[in-house]
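Feature annotations, courtesy of Swiss-Prot:
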CARBOHYD  ASN25  N-linked glycosylation site
CARBOHYD  ASN45  N-linked glycosylation site
CARBOHYD  ASN209  N-linked glycosylation site
CARBOHYD  ASN326  N-linked glycosylation site
CARBOHYD  ASN402  N-linked glycosylation site
SIGNAL    1-22  signal peptide
Amino acid sequence: MKLKLIFSLFLVLVFCSLFVFGDENETEGQESRIDCRLVRCMAANCTEGQVPYKKKGECCESCMLDCSLVDCYTPKCKKGYYLKKPEGQCCQICQRECSAIQCGIPKCAPGYISQVPVGECCPTCVKKPVNPCALVLCPIVDCMIGWVPYKPEGECCTKCKQDCTTVKCAMPVCEDGATPTKNPNECCYKCPPVNCAAVQCLVPKCNANESLYTPPERCCPICRPNPTLDCTNTLCPIVDCMIGWVPYKPEGECCDRCKQDCTLVKCAMPVCEDGSKPIKNPNECCYKCPAVDCSTVRCMRPLCNENEHLYTPPGKCCPICRPNPNCTDAICPACVGHIEPGQCCPTCDTIPVGPDCTTVKCAMPVCEDGAKPTKNPNECCYKCPPVNCAAVQCPVPKCNANESLYTPPERCCPICRPNPDCTGIMCPECVGTKLPGQCCPTCDSIPVEMA
């Protein structure tokens, strides 16, 4: 009776152990198996010399070296080693015979795992690989209709891309017989970029209401209708051009600007290199030589003295020697940089941190003499460059009885502006001059009360 009871208990223990460990192994097996029918694979974008290849246990193809292009050398293995071709490689290597070796299981410290190195039989402790995405907090991606989530290679967070199953693409016909290509995260093929430097274009003649336009990824221009300009809600500043300059409205803009009055300018016709014809821009008065294509010019490098440096003049391709500047009285900015040949001050690599311009709203100023507004590196807003007012002849406007002359800052010529309302303003008791447009005098001296 006792023997039957002991035997029954033994059977129960064996059954329980088989049930527990069998269920655990089955769970692990279920977790390790992936149903490739539920996986959507991108086409392997292999380069020249590579072929698509599917690794064991994976659903999608990756790229590996085309073994038909590889000439392998068969090594001679020493005793205890045998020839084996690793998965994903083309050539055989010598691998140790591990069937006759008994290995112990190492006890690894925290942060280390047991792993068998390549070419070895027994496991050793190696540092556990760090997952760079473990500490990255990714946003929840809610893709719109027609887009699907995907994780780009080498990135931690999921992004949205177009669902190519809902997109119908037309195969483009590329110029010069080029083959269309497709990026991994795009649905449609497109033409590769063309080297436009080697393309000779025929310039079409456009109508009066058309203009030349070069489409993206194309080399040659086409004619397209001019866009209609709507200036209904545009508020333009009053343009007051100085003597020798006239107002004009640039094509495609709503507001007037100032340009030089070409009837007062005498120009000399330049003689250009290589027999090229001088050209004139629409808003300029004088002709100038077109830019030279220096890509086909070979230059002889001149040997300069110690007090000279190489310099390439504007519009020229080849450098010449010119004297170094006198840097005795030069005032240079405080920055870290390198000094170019022929310069006194360094080209700043690092500039001190300026103001936070994200909180500043600036209006673009309209400068006199047609000058372009400039912006200093440590400032947020554009401003007009300083004008030499000594060389400017200003017409003095006639102001009304309730107006006075006023010269705005950074301007040379005065304008009329309304006089201020001085009722109720208490002025200090002093000796001074009352300027036009002011309520109180500018005090030269203040009387002192005697005790």
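In case you wondered, yes, glycine gets a Cβ from its N, Cα and C as well.
Annotated features, which come from Swiss-Prot, shown on the structure.
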| residue | record | Cβ neighbours (10 Å) |
| --- | --- | --- |
| ASN45 | N-linked glycosylation site | 12 |
| ASN209 | N-linked glycosylation site | 9 |
| ASN326 | N-linked glycosylation site | 8 |
| ASN402 | N-linked glycosylation site | 8 |
ASN326 (N-linked glycosylation site) versus ASN209 (N-linked glycosylation site) - Cα distance in angstrom: 55
In three-state DSSP terms, the structure that ASN45 (N-linked glycosylation site) belongs to: coil
Rounded distance in angstrom between the Cα atoms of ASN402 (N-linked glycosylation site) and ASN326 (N-linked glycosylation site): 54
Cα separation, ASN326 (N-linked glycosylation site) to ASN45 (N-linked glycosylation site) (Å, whole number): 59
